[in-house]
């Protein structure tokens with residue numbers, strides 16, 4: 001029974017508290033002297049990645065990171081000629097880290113548990 005439970009937990013780990021997923025966030029901004037709150041979605045979470053004990057210069061392990069598909073929306077503020085264009089994540093997924101647009105290195109930090 002414990003083996004079945006552990007297998008189920010591991011299978012669900014990708015969608016658990018650390019899995020790559022959409023998250024609603026609010027970002028305070030100021031335009032034309034008015035303070036507005038932008039409500040959008042971002043991608044957050046961790047993806048499975050191997051971190052070898054021995055680092056070979058010939059073969060680096062593939063680092064997987066939480067990426068997403070994005071679109072942009074525009075918020076118009078009444079009485080203000082300036083609008084706010086902001087990104088909105090529409091889908092999140094784990095993919096190989098691309099060094100052209102992402103800082104791909106080890107994470108030396110304490111990761112709290114759920």
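Including glycine, each Cβ sits where the backbone N, Cα and C put it.
The annotation signal peptide is assigned in Swiss-Prot to 1-19 on the grounds of sequence analysis. For 20-66, 32-80, 37-114, 43-92, 47-94, 97-104, the entry in Swiss-Prot reads disulfide bond. The N-linked glycosylation site feature in Swiss-Prot is assigned to 24; the stated evidence is sequence analysis.
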Other C-beta atoms that fall within 10 angstroms of the C-beta of residue 32 (disulfide bond):
11
What Cα-Cα separation, expressed in whole Å, is found between residue 80 (disulfide bond) and residue 20 (disulfide bond)?
37
Checking your reading of the structure: which of the disulfide-bonded residues 32, 37, 43 lie inside a 10 Å Cα sphere centred on residue 20 (disulfide bond)?
43
Counting across all protein chains present, how many other Cβ atoms fall within 10 Å of the Cβ of residue 43 (disulfide bond)?
20
Integer Å distance between the CA atoms belonging to residue 43 (disulfide bond) and residue 94 (disulfide bond):
10
Could you measure between residue 104 (disulfide bond) and residue 66 (disulfide bond) for me? Cα positions, answer in whole angstrom.
12
